[in-house]
Amino acid sequence: MRTAAAFATPVTPASAAAPAPHARLEGVTRVYPARSGGDEVHALGPISFDLRQGEFFSVVGPSGCGKSTLLDVLSGLAKPTEGTVTFEGAPVDGKVPDGVGVVFQEDASFPWLSVEDNVAFGLRRAGTDAAETRRRVEFAIGFMGLRDFRRAYPSQLSGGMRQRVCIARTLVMQPRLILLDEPFGALDQQTRLLMGDELLRLWRETGATVMLITHALDEANLLSDRIGVMSARPGRFIEVVETGWDRERDSSLAERSEFGAVTSRLWSLLRGESLRAMGQGQAAEKRA
Amino acid sequence: MSLAGFLRTLLIVGAVAALEIACRTGAIKPTMVVAPSAMALGVVEALRDPEFWRHFGVSVQAVAIAMVIAVTGGFCIGFMLTRVPPLRRAVSPFLASYYSIPHIAFYPLLIVIFGLGRTPLIFLATMFAMVAMILATMAGLDRVPAVLAKTARVHRLGLVDEILRVRLPAAAPHILSGLKLAVAYSFIGVIAGEFIMSTEGIGHEIAYAYDNFNNQRMYALILIVLTLVTSFNMSVFAWERRMLKRRGL
């Protein structure tokens with residue numbers, strides 16, 4: 001079998017001594033304008049941070065803290081109100097740059113296309129030649145374990161399988177930065193663990209930089225090199241925790257004692273913020 | 001045959017048989033309804049008559065023109081309204097109350113404007129059918145999940161590709177139900193118009209037979225129109241079913 005290392009586009013750092021960040025946020029904020037009768041919502045920031053080349057970075061935070069807004073701004077799906085976002089040195093300005101792939105929490109498979117056609121969607125739109133498309137689709141379908149379902153339609157698949165289709169559809173584009181917005185949020189616990197292992201394999205074999213948004217602390221812990229802990233709205237990083245795990249890791253990591261220590265650390269950072277976020281929610285309910 | 005299919009056939013056969021018996025025994029007078037067997041004879045007679053085919057052609061042509069204009073025009077207008085929200089908000093009360101207008105009442109006026117040709121008929125049928133298509137197009141496009149539109153942007157699709165490759169296929173089930181309505185309304189518009197005031201067409205022929213107490217021909221023509229409309233709608237329906245089944249709906 002062909003390995004994904006050959007499949008991914010290697011990115012060489014600008015200088016070996018101090019590698020340039022893969023993506024950078026500088027003083028980024030996002031404020032949603034006031035809607036009728038309400039106040040404007042300061043959803044995010046100011047946030048400044050670097051995503052390192054090839055790292056697995058997770059973002060955890062209380063609900064409503066602006067995690068998804070962070071992803072939207074970083075991917076170019078939304079423009080920051082203030083500040084700048086750069087990807088591979090070039091500014092991201094309200095347009096998704098080439099080399100960025102996004103997987104969403106909601107089912108984003110196209111119900112009118114078969115699994116195969118879903119996976120091939122991006123390549124066909126980009127005008128990749130047929131042989132190359134076939135090769136890459138074949139690889140992605142095999143990689144995500146979808147071989148037996150290639151002619152099935154999403155409605156015939158479980159939620160976990162549909163999410164695999166979406167990941168495969170992202171994978172064929174050979175993204176150098178993969179952003180995942182709670183991709184396993186709608187899945188059951190066992191499926192989540194297995195999908196986590198697959199995500200690690202994908203990350204190792206493609207060499208891509210990954211940013212995962214999740215609300216599951218042990219998932220973030222298990223998968224990540226670094227975990228950004230966000231505050232209640234407006235979301236800011238209160239701390240970035242380094243896990244120090246080996247690159248070759250899987251869900252068996254959860255049995256180690258250091259693993260529990262990291263999860264405890266994350267929770268102690270988040271507990272107060274989560275309470276604050278709940279308070280915000282209740283206050284908003286009272287106003288309404 | 002499925003049980004539902006069997007019951008459906010039974011229902012139709014039973015109703016026809018009951019009508020046949022009622023007519024034969026004189027419970028229903030032939031001046032009111034003719035027996036189904038007489039209707040069938042009338043159909044055979046009509047189908048042999050070249051004059052019938054001329055009227056038939058005239059009507060079908062008008063329906064086809066109205067349908068094409070209503071479907072394409074309704075789609076374009078519906079699409080445009082979803083892209084221009086203030087315009088949409090401005091016209092939505094009109095669209096919502098549109099089907100309370102008795103369109104057919106304007107037919108005499110249309111004749112005054114366009115003359116007694118096919119134009120007022122086609123105009124009437126188009127007006128009647130188009131708004132169903134506008135409403136269905138808007139409903140379909142409104143319900144495209146936001147995550148699919150985001151996916152289009154992640155794949156760096158241009159506006160045209162986003163519309164053709166993502167929004168339209170996602171909205172297709174709704175748009176298709178608008179299409180079905182537009183088809184039915186085009187038929188209704190043309191035939192009802194011909195019925196009131198026209199010198200040719202199936203509707204005119206039905207009215208003519210009615211005026212001349214030719215019940216056998218009248219019912220035969222009604223039967224032909226019913227068959228035509230139902231089979232047309234059934235084929236759209238079958239297509240729709242195939243599409244929806246694939247999507248698990």
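Yeah, the Cβs are placed from backbone N, Cα and C, and that goes for glycine too.
The annotation domain 'ABC transmembrane type-1' is assigned in TrEMBL to B:56-238.
Annotation source TrEMBL lists transmembrane segment at B:58-82 (among others). When Cβ-Cβ distances below 8 Å are used as the criterion, the transmembrane segment (B:58-82) is approached by residues 88, 91, 118, 121-122, 125-126, 128-138, 141-142, 175, 178-179, 182-183, 185-187, 189-191, 194, 200-203, 228 of the same chain, each at least six residues removed from its ends.
Marked as transmembrane segment by TrEMBL: B:94-115 (among others). Beyond its flanks by at least six residues, the transmembrane segment (B:94-115) meets 123-124, 127-128, 131, 134-135, 189, 192-193, 196-197 of its own chain at Cβ-Cβ distances under 8 Å.
Summarising the annotation, TrEMBL assigns transmembrane segment to B:121-141 (among others).
The transmembrane segment annotation in TrEMBL covers B:175-198 (among others). Outside the transmembrane segment (B:175-198), and at least 6 residues removed from its termini, the chain residues within Cβ reach (under 8 Å) are 59, 62-63, 66-67, 70-71, 74-75, 78, 103-104, 107-108, 111, 116, 120-122, 124-130, 132-137, 139-140, 168, 204, 206-207, 225, 228-229, 232-233, 236-237, 239-240, 243.
Taken from TrEMBL, the feature transmembrane segment covers B:218-239 (among others).
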In the same chain, which residue numbers or ranges, 6 or more beyond the ends of the transmembrane segment (B:121-141), come under 8 angstroms Cβ to Cβ? 62-63, 65-67, 69-71, 73-75, 77-79, 81-82, 88, 95, 98-99, 103-104, 106-107, 110, 114, 167, 170-175, 177-179, 181-183, 185-190, 193-194, 198, 201
Beyond the flanks of the transmembrane segment (B:218-239) by at least 6 residues, Cβ under 8 Å: 33-34, 38-43, 45-47, 52, 56, 60, 176, 179-180, 183-184, 187, 191, 202, 205-206, 209-210
